[in-house]
Amino acid sequence: MGRMTHVLTALAWPYANGPRHIGHVAGFGVPADVFARYMRMRGHDVLMVSGTDEHGTPILVQADAEGLTAAEAAAKYNRIIVEDLDALGLSYDLFTRTTTGNHYKTVQELFTTLHANGYILQQRTLGAISPSTGRTLPDRYIEGTCPHCGFDSARGDQCDNCGRQLDPVDLIDPKSRINGETPKFVEEDHFFLDLPAFADALNAWLDTRTGWRTNVLRFTKNLLDEMHPRPISRDLDWGVPIPLEGWVDRPDKRLYVWFDAVIGYLSATIEWARRSGDPEAWKRWWQDPEAVSYYFMGKDNIVFHSEIWPAMLLGANGEGAKGGEPGSLGKLNLPTEVVSSEFLTMEGKQFSSSRRVVIYVRDFLERYSPDALRYYICAAGPENQDSDFTWAEFLRRNNDELVAGWGNLVNRSIAMAAKNFGAVPEPGELEDVDRELLATTKQAFDTVGDLIGANKVRAGIGEAMKAVAAANKYLADTAPWKMKEDPKRQGTVLYTVLQAVSDLKTVMSPFLPHSSQRVHELLGGEGVFAPMPFIEEVEELDEGGATDGPYPILTGDYSDVPKWESVPLVPGTVLEKPVPVFTKLEPSIVDEEIERLNA
RNA sequence: GGGGCAGUAGCUCAGCUGGUUAGAGCAGGGGACUCAUAAUCCCUGGGUCGCGGGUUCAAGUCCUGCCUGCCCUACCA
């Protein structure tokens, strides 16, 4: 990707049945934002899209529990999630929702194309429904006695006691976990995506994929060995209507939530284009063969992004075993890369809202800065294997690395220059040590940049921190505070270290945009250095969705991002005594937070 | 049951296609410095690379069995 390229950065859609915890943003939010910010600085035309996933049974369950309608509950949590992602500084071009009229239209269009191409099958199946509501009762909401081991609270899909796979029909005395009633098992017509028709095309496509994390590729190839048609409709009154005669007006039949959710990547791009004033602009990311697309998600979501969504796109393009023609949306690009993270655990335990093993993004940001969280996630997130969040480790990373390393470098160098010169000093002749430090920070642009481009965020920020350490060592070696009798040399040394700090704030900005903006200002810079998203209340573009009126989107203007390169400081630029950029935390927070968790 | 990933110093992790005495950061121990949010810099101890077999001149690195953890296993999103 040497030249300017269109880069779609697609983030998994947070499910809107509650606030999101830090594991969610650790898995895909922050890593994707680092990637998008870097790609923009390299001059690529990045579009970063996502939104809240608002259909499906869990939303209905949550709404009932709160005495709200599904639309109200979805709107409530959509807003909370939007505010949290904004506070973290995730630079979405558009963060929207799956309940918009635009989304409904796009989903129905894709369904229609897949149906016309013969990839949607209608089959009769036995399913559980709730007698009181008529809604599909997902297996995991059914419990009963395990027919194998007699365990009395086996779930419909699996017995937690003996571990066996179950079919809810086989449970003895099945009950709904939602309201205790006995589910009814009925034969129903449903639609299925004909996944086996894409096996060969998917295999051929996967063989062309390079650069993926090996576990994702292996996992996906393994899935292809055994593919079955996958249901895409449900007995529900909450979701996208099925756009076929005899179905579209039925209040009890909707498209299955996963089917509509993955289409959000496409519908969000279209919504962004329509709101930008150029309704055709979405095609640059979806139809241009040179465009690339990176999808970020947790490992539980791999199958949807590496198998099912590509299958849907192949079907819509008419490229499965049954052939066909592209629909009105034209021929669409398949993912370039599926970037999956592992899971973050919490003090050794799985995150779980119900068991209260959870730290919500909102609660975290009320007490700590967004860059403190971003630093932890970048340096210690679950990139290649599960990683454990502990408050002790957070404290250490923040105090010993972020504050003592990078923050201290910024503070000591600017303070010394402000005190002795009141400005960026005019350098004299550079010596070898000076040139070496500047070569190190210049080199960091390449090494860190390559690592971010390969989605190795941990290694990337590690390399950046090595350059920070080199600058701290440079100060120890040159000791400019001892140069009172040689202001010329002192000015040269301080100029050199300030230039290094300036370079490093650029290198750090994809990871730590808030603080890089501050460093930019401390160095006398003006204007926006690391642009931030903002929330905008917008009107619906189309009828037919399920939002009730205007809704908040997360968007931003990232057109003026600085380049990924060293910019020479201007001697004479006035410097003030700096206010520390990062906050050192009291060790007592560890016990306080753990207590809060156990409360 | 099937599949994927992981198990390396007290902690968090690097170790690509197998090749000299297995690395880093932090914590621990010692020292230097004082510009800086007591931050920084230097030196330093510490590992039978989950367990058992096997292939090879040579394995943390390949094969196999087992143990442990996490995820997926299709109507969970």
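Just so it is clear, glycine is given a Cβ too, placed from its N, Cα and C backbone atoms.
Curation does not apply to TrEMBL; its annotations are automatic.
The motif ''KMSKS' region' annotation in TrEMBL falls on one of the ranges A:100-104, A:225-229, A:325-329, A:350-354, namely A:350-354. Annotated by TrEMBL as motif ''HIGH' region', the relevant range among A:14-24, A:179-189, A:542-552 is A:14-24.
Between A:C159 (Zn(2+) binding site) and A:S353 (ATP binding site), the C-alpha separation comes to 21 Å. Here the C-alpha separation of A:C149 (Zn(2+) binding site) and A:S353 (ATP binding site) works out to 29 Å.
The average pLDDT computed over the domain 'Methionyl-tRNA synthetase anticodon-binding' (A:424-548) stands at 95. Helix, strand and coil counts under DSSP for the motif ''HIGH' region' (A:14-24) come to 3 helix, 2 strand, 6 coil. Looking only at the binding-site residues A:C146, A:C149, the densest Cβ neighbourhood within 10 Å occurs at A:C146.
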